[in-house]
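TrEMBL has this to say about the protein:
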- B:126: active site, charge relay system (ACT_SITE)
- B:223: active site, charge relay system (ACT_SITE)
- B:247: active site, acyl-ester intermediate (ACT_SITE)
- B:75-197: domain 'Amidase' (DOMAIN)
- B:218-539: domain 'Amidase' (DOMAIN)
């Protein structure tokens, strides 16, 4: 059944401590509940630092928010966690349903090896202790999109426990201050996904899709507020948040709602809520009313999952039948924190820039490809990639992979700039042309648009002379000692050169002429 | 799990393979059923009538030698099924499928390309195994309601079909295999063929003369009573049962058959609609031990669709002929000597022990100290898994759905109320109680611990040098239906599983072998329990025992001569056979 899911649990208390120690102190804001001063790091959810800090005002009683996340991440695998049916995004409803997925009587779960490997790798990446023996459990509840009446998960002894994720975020005026934080990971468990219910209120029908490859990420956030030093507050659970942005919004909203509720003499109910992304608020969920007793029970059809390391690997074991933790550790790709550190060391990059490069899928690779083909300074390249390219992408809501400008084209453009063949304003113009994607190289565009810098010193001197002749008043100002007047002359010269002359060269010529 | 043959090596030193013929049923005895001629297994062409009483191995040899064709055999079995319809052994008779399979089998034999010992052999399957294209009901309104037809075959069914076996039909049971009488299914109770045997009738005539002949028919035991009746009444040569607490061995004992519960993990459960996943095992019902071994040989082995099956390859099951038992050690668990045990069973049990001893085996009393906790522990674990396994029957995807559509919850409740009988609902309720957060530690976890102790009891005994345990299978011989229903299902299940369910708790192989007839002329079986995955050794000992005791063949000719009157009576009964 079910798309294979990894569930990362950072239940309230444990996560809370990490958050409170850090910066989750949350003060009651202005009477209108202003939340504008909050900042948060953007990255994958595991790195999401839920910072909700506001400057405390004098005389106000402080509130602290406690946030724990249950993160459901779909494993990228060809088939489902417990069945051979495939996983495809946006497949027609119920087209990828095996007999097991439909819970036909007599069918049994068979664990997908690839999913176990992915879970182990995730556990290693999050500094977890990998349990060499883990168990599967049944979690029972009746719901139309849960055809077996239970979900197979890892409640008692999950595959990985006690991890941590060190994350950094940029704070301060220009986001120039990098702060490191640690989030604790309680456990990682393999879990089958439930189906998808589509409610048709008009016909009062519910349609069920058992494909279950619903989306790549789903987060349930447990939130409570309390006064520091006092016991933790009653928590609510906001379910089914499917993007980092909505997660952040929902948490912000829920914290503020709970504070408002408590300050107005109300109480917080231990309830599940959903987030209405259109209204930007959380509302109580009606369909799972009351406290559920999930009646957990060991899954009798799956023997304990045993993992090995190089030491414990049984002699002569069939590699297809055993999973070696050490072998997976070797396959672990470089982790983002290491990559960021390398960028800072190798290119002298600002830490905040290293974050942006890694947080955007494909951007780092783009950057590295440009670096391979250009003589331009790393700082220059960073600036072009992060400001110009990313700006254009964001404006048109495109992914890096969809960029009309290739790394090679940008590298060529930066080379032209580097050897002063064009001015930086001309370079911007060339970039805009490249963005239109008409199949021309930067060199072609420069030559067609006559954007190359004037290299003819004599001609430039003549132009400078002509400008000085034509603007005696400005020349007088310079001579009188107005330091800004020369800039006006430079501007005038650039205008007549159609911006093709290097301003520093113009300045040199003008100064020489003015001094004579 | 390991299929460790080294542990079973006690038998290896002295066994020799002899000819493959079964020695249990002398040809002359077989003929009591239909035929007066007794040509013997190696004689000329045999009549189909003669064939029916024979063992699977014998009829397989006859098929290979062309003494009979699969179609003839199939047709004969179909006609017996019709004649014995009143037994209520079958829920569904798959006549067309069987005839088509017979036709194909016949072609193979003609070409000389038989698929093996099971090619052309009529078999029956308990109606809780999924059969592709053939309705599967579990004797419950829940599945019968909309006529649930599985789109796939259980692995064991597929393996039988791959060997060319002919599927005669799906046999009756207690609803979802919950029961020990085959009396609590939606299709009504199964009648024990021995109720109509010459042996039983003669004894009864001696005792009373005025009782209504048919009102005192006997239960088969259960829950695989339909399969037991089907084999016992000669409608097929082997049948699949399922065994969770004794559901194969119990009816086998009551119907004079060999009932094998293989080691847990030796045979795939994929496609078996579960009762208790951690204890369910597909069971085998046959007329002799050799036949059970042949079927087990076909069924055993790893199934990628069942993660609890053994990984190691299983060697073909050929039972070596055991001639010397002097190196064997037989354990007699003292805790099995309960006050409820009938004196007849008790005396046969001790007779059997004496038999081994007199032939040179070491027979010792052993202790399984946690036996008395077994039933209550089983109750907690069984109902908990039942509560879980039955959760999928919610009326949405398949099976019965009630008409109520006010809300999904109301639909669930009414569907399950209508679909399940009292027994199933009672177990679901208890099981959910045990699984509640507040009760889990006190009930489920404790029961699991007790289960471990029970399993360890067996390990200790086997480690002390015992090769096999000898116990009764049931407290007494089969009782009349009217007697049986005086107690409710729960009481009956607790009583009747007493000797059998510990083997399920421990995952051990166990086989019930018929030993003798009681004073009433009814079969009594004894049980052998072996080491885990030493099924072959267990069967080897069972076969030696079978050979010594020479259990008589059921004599049903009286029934057949008189069947018209039986059918008349049957019309009055409320039971109907669904076809």
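Cβ from N, Cα, C; glycine included.
The Cβ neighbour count for residue B:223 (active site, charge relay system), using a 10 Å radius over every protein chain in view, is 37. For the domain 'Amidase' (B:75-197), the DSSP counts in helix, strand and coil order read 48 helix, 19 strand, 56 coil. Mean model confidence of the domain 'Amidase' (B:218-539) amounts to 95 (pLDDT, 0 to 100 scale). Under a cutoff of 8 A between CB atoms, and with a sequence separation of 6+ in the same chain, the neighbours of the residue listed as 'active site, acyl-ester intermediate' are B:177, B:180, B:222, B:223, B:224, B:241, B:283. Residue B:126 (active site, charge relay system) is surrounded by 32 other CB atoms, counting those within 10 A of its CB over all protein chains shown. Secondary structure from DSSP puts residue B:247 (active site, acyl-ester intermediate) in coil.
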